[in-house]
Amino acid sequence: MGRKRQLDRVPSGPGRKSRRQKDPEFESAKDKKAEKKAKRPKLDGLKKKKKGKPKAAPPPVALDSEGSTDESDLPDDFGDDEEVSDTTPQVVDGAQGDASDEKNEGSDDEEDGDEESDDGDEGGDQGMESYDEGDSSDEEELLPIEKAAKKGRKKEEEDNRLAEEELQTNIAATETLVLPSGQEVEKDAHIASDLTLVQQRIRDVQFVLADFKARKQEGKGRSDYVQQLRRDLCTYYSYNEFLMEKLMDLFPQDITDVLEANEVPRPMTIRANTLKTRRRDLAQALISRGVNLDPIGKWSKVGLVVYDSQVPVGATPEYLAGHYMLQGGSSFLPVMALAPQEKERVLDMCAAPGGKSSYIAALMKNSGSLFANDANADRAKAIVSNLHRMGVHNSVVSAYDARTFPKIMHGFDRVLLDAPCSGTGVIAKDPAVKTSKDEKDIQRCSHLQKELILAAIDCCNANSPTGGYVVYSTCSIMVEENEWVIDYALKMRSVRLVPTGLPFGNEGFVNFKQHRFHPAMKMTRRFYPHTHNLDGFFVAKLQKFSNKMPGEEQKPKPDKETNGQAKGDKSTDKAADKGQKRKNADSKEPNNTNKKRKFDPPQTPKQQGGKKNKTDTPQGEKSSPKLKGILKKSPQNAASGGKPSPTTKKRGKPSPTTKKRGKPSPTTKKRGKPSPNMKKKGKPAKKG
């Protein structure tokens, strides 16, 4: 009925079958199991080899001369209980039956072993599902069409790899790049060139410039390759040569990354208005309307990035209610650097269309006072509408020229100047910048920005207890509009650079080509499209430490009133000195202006106090001898020998000014004549 049990075989221990005993299976269950085995993938190649590997044959046994074997030469596997047959087996009926039974038992044992291995595989398949799905396990069970498709995919991948290697040719190993001649360049200028060839030449030139000494063409310098690269980039990306040269100076290594980033628009960003809602509530409301969005990043708590939307983002009920503002991510940065506090007096000099102003009001929580100014009156209307929509009621909107604003109002705690610029950082929004800007435009913008930043510093109050800060920002990446302007402000006003407080961004230039700027320029921040996925931007924060100009502190100038008083005092002192000198000279020196003049007779004390007139001395009288003796004996005459001193002679002669003054002016003569009206008035009236 059942299998014979080998009583004489020593058990080696409990096997897997005894550890995992299963219920008896009927024929129907066995059929199902066979079907499962057929469907299940086979073992991997390593297990197949191990399973199919034949058992090692026992070593040959040495035979005696009589043809029998010695027991000592038998292998260990053979036990004493087993019978060893002779070399010439004898066929016996009973023995043959026993052998057939043993063979059947061995075949049954092998089947049982296969079942055990299958059972073990079923348990191992759970931990090796990913491994069994490999190429080696699936190749034999794939259909012919699947095998052909798999081979086709491998061949396609190999072809793609070879094609990529062909595109990126190794110039150093094969041949050097030959630049086009002058005639070819002129021909390309008049004829539309193939952009694919231009792109390949751009890659080749950049490859040569990476190791110029080893890969250059004989007789060609680096300037030739750079010039060719500039022409090709202008052709491929549609820039003018001036702007392309500026960009290549700024980004010598990653110029292609910058140009590619300018071709892709920046993601749409919105700012939640904290005066009316929170960012979490706003995000839930917009998601329910079919807007796919995410937070802009860890650096902002109010920004959201919109990927796509089923409704227009600028016309939702939340937008009309003022819950958010459509604003670029880079426009958050200047306001974050300004960091306005509550109950402060803040000025936004170039505020249109009002995105930054509304953000400032939200940070101030509608406290204090906010002055939003823009030179264009039409754009100032947009400021008014946006501030009304966002619920801002601490603001004053004006339309003055920002350069003259310090004459109108000053003494602000903080000032934000988002200066007008060339727009080289927002080429993705305005592609016309590629060809419309030149050197004059850059210089014109730079000059205007220098005037505006000086006006912004003058509007700020250095003695403010909480502020005294000025933030300067532009949407340009040109050095002439950023570092040059800040360096000019540091020289002309009493300000210093301070950290912006922004958690990311590239440092400003301290050295650029032949220019050298202030070492503190590292505190400024630059933002690029290809590194930060934001519009090109520049942010600098200044602190005003004195309301006086740098020159006024060293050389103080007196006021106008003190100047007038000083001048008047000097003039009066000089006049007093001259008058005193004349009095002293008159009292000391005798009146010897005329030698032939006859001296007057001695006067009485009353007459000495009065004025001397010519009529007091009679013309006919001569001077008495007593007076002559007195004059001779006087010390002054004795010292001078009776002669008048040279000073007396000089003083006796009238000066030219005196002569001129003595003559009546023509106006005096005219005034001396009576007017005809006076004559008419002087005539007696005729009696009727």
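Numbering starts at 1 and runs along the chain as displayed.
Positions of Cβ are set from backbone N, Cα and C atoms, glycine also.
Note: TrEMBL annotation is automatic and uncurated.
Per TrEMBL, region 'Disordered' is recorded for 1-143 (among others).
Annotation comment: TrEMBL describes 21-34 (among others) as compositional bias 'Basic and acidic residues'.
Residues or ranges marked as compositional bias 'Acidic residues' in TrEMBL: 67-85 (among others).
The compositional bias 'Acidic residues' annotation in TrEMBL covers 107-143 (among others).
Summarising the annotation, TrEMBL assigns domain 'SAM-dependent MTase RsmB/NOP-type' to 258-545.
Take the CB of LYS356 (S-adenosyl-L-methionine binding site) and look out to 10 A: across all protein chains shown you find 25 other CB atoms. As annotated by TrEMBL, S-adenosyl-L-methionine binding site applies to CYS350, ALA351, ALA352, PRO353, GLY354, GLY355, LYS356, ASP374, ASP401, ASP418.
Feature annotation from TrEMBL assigns active site, nucleophile to CYS475. For CYS475 (active site, nucleophile), applying a Cβ distance below 8 Å and a minimum sequence separation of six or more within one chain yields SER330, CYS421, GLY423, GLY425, VAL426, ASP535, GLY536, PHE537.
Look at TrEMBL and you will find 549-688 (among others) tagged as region 'Disordered'.
For 550-589 (among others), the entry in TrEMBL reads compositional bias 'Basic and acidic residues'.
The compositional bias 'Basic residues' annotation in TrEMBL covers 648-688.
Same-chain residues at least 6 positions away in sequence with a Cβ under 8 Å from that of CYS350 (S-adenosyl-L-methionine binding site) are, in sequence order, ASN373, ASP374, ALA375, ALA402, LEU417, ASP418, ALA419, PRO420, LEU452. Close to ASP401 (S-adenosyl-L-methionine binding site) in the fold, though at least 6 residues off in sequence, lie ALA375, each with a CB less than 8 Å from its CB. Taking each of the binding-site residues ALA352, GLY354 in turn and counting other Cβ atoms within 10 Å of its Cβ gives the largest count for GLY354.
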